[in-house]
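Engineer: Feature list, courtesy of TrEMBL:
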- 70-83, 277-289: NAD(+) binding site (BINDING)
- ARG91, ARG101, ARG129, ASP219: substrate binding site (BINDING)
- ASP219, ASP243, ASP247: Mg(2+) binding site (BINDING)
- 1-348: domain 'Isopropylmalate dehydrogenase-like' (DOMAIN)
- TYR136: site 'Important for catalysis' (SITE)
- LYS187: site 'Important for catalysis' (SITE)
Amino acid sequence: MLAGDGIGPEIMTEARKVLEVVNASQNLGLELDEALVGGAAIDAFGTALPDDTFAKCADAEAILLGAVGGPKWDTLPPADRPEKAGLLEIRKRLDLFGNLRPAILYPQLAGASSLKPELVAGLDILIVRELTGGIYFGQPRGIRELENGEREGYNTYVYNESQIRRIAKVAFELAQKRGGRLCSVDKANVLEVTMLWREVVQDMAKDYPDVELSHMYVDNAAMQLVRAPKQFDVVVTGNMFGDILSDAAAMLTGSIGMLPSASLDVNGRGMYEPCHGSAPDIAGQGIANPLATILSVAMMLRYSCAEPQAAQLIEDAVSRVLDQGLRTADIYSEGCRKVSTSEMGDAVVAALTQG
Ligand code: NAD
Ligand code: IPM
Ligand code: MN
C-alpha cells in the first residue's frame, strides 16, 4: 500500500479499513504492508521511489496506490518529480502496460453527472489505456537551447507493433467478455505513430470475429464521450489520449472521485489506484471521496487476487451506501447527506459488516 501525497493518505486509510474487514471476513489471508512513494518519499529519503519501496512492490502480489505529486515538488527537475520518478517508474519497471479504467454510472448518482440523466443512465464504458509507452516514455525528450538562444521542448510519440498488439489483445479479449464492441481511438489522420496503431489493430480484428471493431479520431472521441457516451463499450487507446479521455469519462459518472483503475502486466500482476490525483486543493480537509480507491481495492481482489466474490461484496457495499444517500462533497446533490472521507469509509465498512 503506497499512500503517496495530498489526499493519498486520507483515501488510503479508508481503503485499508475496507480491505481489512473483507480480508478477515472472507479469510483472504492477505498480508498488508506499506511504503513511501512520491513526494512523501522525497521528503523522507530524497527520492520518489526508494529501493526499499520498489523491492516491496516487486515482491507483492498487488499494489494499491493513493496518488502522488503536489505543488511542493513541482519545482524539482522533471526527472525527479513524484509523478515521473515515482509513479511512472513503478509502471515502467513492472511493465504494467495494461491500464483498465471502467467508467460506470451508479444509478444513484445520475443526478451528480454533468450530463443529463438520460444520456448516462446505465453507462458502462471500459477505457483500456496503454500505460508504459507512447509519448510518456518516447526518446528523445527534453528541453534544449536553440542557436538563436531560445529554448525548445520536445517529446517523442512512438509505439512499435508489439506494444500496440499487446494492448489491443487485452482490449479485444475484454470486449469479447463484455458487449462485443471495441472502439480504437487514434489521430491517424495526422500522426504516423497512430497510423501504424490503426493498421495493427485493424489487422488483429480478423482473430476476433465476435468483436465489432471501429476506429475514431481522438478529437471526435472526446466530443462523442460528452454527446452520447453510451455508444461506447470498450475503448482502446494510447497513453496520453487514454489519460485525457478517462478524466472526461470520469465526470460522466458524477466525479473523478468515483473512478478506479487497474494497471496490469502480461501475467495479470497489477497496481490499483484511483484515476484522480493528489487533489492538493482539498488535501487535509477530510472531504475527498474515497470510493475510487475503495473500488480499486475491489478491482485488485478481482484481477490480482482471484477473489471475485470479495470484490463483489465491496462493490455491493458501495452501492448500498449510495442508496442510503451518503455523499462526499464532490457527488453531493440536494436531499442527500453530506459526509466526510472517513464517514464514507466507515459507512462502507458498516454496509459490509451488516451484510
Ligand atoms: P486531481 O485529480 O488531483 O484534481 C483535479 C480536481 O478533482 C481537483 O479539484 C480535486 O479536488 C478534484 N478531486 C480529485 N480527486 C478527488 C476526490 N477523490 N474527491 C473529491 N475531489 C477530487 O488533478 P490535478 O489537480 O491536475 O493534479 C494534482 C496533483 O496530482 C498533480 O501533482 C498531479 O501531477 C498529480 N496527479 C497524480 C495522479 C496519480 O498519482 N495517479 C493522477 C493525476 C494527477
Ligand atoms: C494518471 C495521472 C498520471 C498519468 C500522472 C500523474 C503521471 O494523470 O494516472 O492518470 O498521466 O498517467
Ligand atoms: Mn490522469
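A Cβ is built for glycine as well, from the same backbone N, Cα and C atoms used for every other residue.
TrEMBL does not curate its annotations; it predicts them automatically.
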Engineer: With the Cβ atom as the reference point and anything under 6 Å counting, tell me which of the recorded positions (PRO82, ARG91, LYS187, ASP243, ALA279) are near ligand 1.
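Structural biologist: What lies within reach of ligand 1, judged by Cβ under 6 Å, is ALA279.
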Engineer: What kind of secondary structure is ARG91 (substrate binding site) part of, going by DSSP in three states?
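Structural biologist: Reduced to three states, the DSSP call for ARG91 (substrate binding site) is helix.
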Engineer: Among the binding-site residues ASP74, ASP219, ASP243, ASP247, which residue has the largest number of other Cβ atoms within 10 Å of its own Cβ?
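Structural biologist: Of ASP74, ASP219, ASP243, ASP247, the one with the most crowded Cβ is ASP243.
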Engineer: With the cut-off set at 10 Å between Cβ atoms, which of these binding-site residues ends up with the most neighbours? Options: GLY70, PRO78, PRO82.
Structural biologist: PRO82
Engineer: Do you know offhand how many angstrom separate ILE287 (NAD(+) binding site) and ASP247 (Mg(2+) binding site) by C-alpha?
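Structural biologist: Here the two Cα atoms are 20 Å apart.
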Engineer: Please list the recorded positions from GLY70, PRO82, ARG101, TYR136, ASP219, ASP243 whose Cβ falls under 6 Å of any atom in ligand 2.
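Structural biologist: Within range of ligand 2: ASP243.
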Engineer: Across all the protein chains here, work out how many other Cβ atoms are within 10 Å of the Cβ of ARG101 (substrate binding site).
Structural biologist: 23
Engineer: Could you give the Cα-Cα distance between ARG91 (substrate binding site) and PRO78 (NAD(+) binding site), in whole Å?
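Structural biologist: Rounded to a whole number, the Cα-Cα distance is 17 Å.
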Engineer: Cβ within 8 Å of the Mg(2+) site centroid (ASP219, ASP243, ASP247 excluded): which residues?
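Structural biologist: The answer, listed by sequence position, is VAL218, ALA222, MET240, PHE241, GLY242, ILE244, LEU245, SER246, ALA248.
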Engineer: Given the recorded positions PRO78, LYS187, ASP243, ALA279, ALA283, which one's Cα is the least distant from that of ARG101 (substrate binding site)?
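Structural biologist: Going through PRO78, LYS187, ASP243, ALA279, ALA283 one by one, the Cα closest to that of ARG101 (substrate binding site) is ASP243.
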Engineer: Reduced to three states, what secondary structure does DSSP give TYR136 (site 'Important for catalysis')?
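Structural biologist: SS state of TYR136 (site 'Important for catalysis') = helix.
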Engineer: Which binding-site residues out of PRO78, ARG91, ARG129, ASP243, ALA279 lie by ligand 3, going by a Cβ under 6 Å?
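Structural biologist: Checking each Cβ against ligand 3, the ones under 6 Å are ASP243.
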